[in-house]
Amino acid sequence: MTKTLVFGHKNPDTDTICSAISYAELKKAQGADIEAVRLGELNSETAFVLDYFQVTAPRLVETVANEVSEVALVDHNERQQSVDDIDDVTVVAVVDHHRIANFETSDPLYYRAEPVGCTTTILLKMFRENEVEVSKTVAGLMLSAIISDTLLFQSPTCTEEDKVAAEKLALIADVDIQAYGMEMLKAGADVSKKTVAELLLDAKEFNMNGSKVEIAQINVVDVNDVLSRRAEVEALMTQNIVDKGLDLYLFVITNILTNDSVGIAIGSKTAVVEEAYGVKFVENQAPLKGVVSRKKQVVPILTDTFAK
């Protein structure tokens, strides 16, 4: 039997890690030889989740072609967000809830993408469709992913399907959604011990009409906890622009209590962000009122503005 590795995007978040583990458990129950791995370090929120449910973190890998010939992707499809040697392996499955971009294969594959707030919402359906029981531990991981991606159902990406899935998973996991959810989000929003690199850890790269754009996001309970270190943050952002040849680096600092954000933008295309949101950056900083979702409120708007 051919072994498969399953993983989410680089700079993994809670959905990426929990989806990889959950997908692997589903496939193992069906007799597959599969292992969940990760493409980067865990953030503090995900570390809290794994510790809470006593789950070992997936193994860290930098390449996969040296181990397997087939892989499955969760929570992403764009090649620049995936493992560096993605072109050297065959993608046999994708389960995702993002736009489809910069993705093609030479062979047919299983592709499941739905416009919901979280990948594990889709995975719960797959467990049910295949009549595979969701364990208490996996239910906890899947619930955590939904809470994370929907900001405890406050994000505009959240759908009724996500809420229903979360309720079902909470029953299996035997946790109180609101109490556990706030504890989890606050664990992720504590930036007091984070390095500057860790502040920018949740970053994704996009190709927007030929421009290289990187968008990082962090959730906090007070944006000033990050803005007080703005000089260090901007220095690292600038270094990333040089190292990666980026045209724009946008850092979205989201207050999970007010559901507003502050943006820091650096690069030759910062005017595109100003046009997209009708704001003016002063010393690289501007308010982004009501913006909490990179997937729904940042990427589509910037993509459309770059295309003008």
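Positions of Cβ are set from backbone N, Cα and C atoms, glycine also.
Database features, via Swiss-Prot:
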type    : residues            : note
BINDING : H9, D13, D75        : Mn(2+) 1 binding site
BINDING : D15, D75, H97, D149 : Mn(2+) 2 binding site
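Relative to H97 (Mn(2+) 2 binding site), the binding-site residues with Cα atoms inside 10 Å are D75, the candidates having been H9, D13, D75.
Cα of D149 (Mn(2+) 2 binding site) to Cα of D13 (Mn(2+) 1 binding site): a distance of 9 Å.
One way to see the shell of the Mn(2+) 1 site is to take the Cβ centroid of H9, D13, D75; the remaining same-chain residues with a Cβ within 8 Å of it are G8, N11, P12, D15, T16, I17, S19, V74, H76, Q81, T119.
For H9 (Mn(2+) 1 binding site), applying a Cβ distance below 8 Å and a minimum sequence separation of six or more within one chain yields T16, L39, D75, H76, Q81, S82, K204. Of all the Cβ atoms in the protein chains shown, 24 others lie within 10 Å of the Cβ of D13 (Mn(2+) 1 binding site). The number of other CB atoms found within 10 A of the CB of D75 (Mn(2+) 1 binding site), across every protein chain shown, is 29. Here D15 (Mn(2+) 2 binding site) comes close to G8, D75, C118, T119, T120, A145, S148, D149: these same-chain residues lie at least six apart in sequence, with C-beta atoms under 8 angstroms from its C-beta. Excluding D15, D75, H97, D149, which define the Mn(2+) 2 site, the same chain contributes G8, D13, T16, S19, V74, D96, H98, G117, C118, T119, T120, A145 within 8 Å (Cβ to the Cβ centroid), listed in sequence order.
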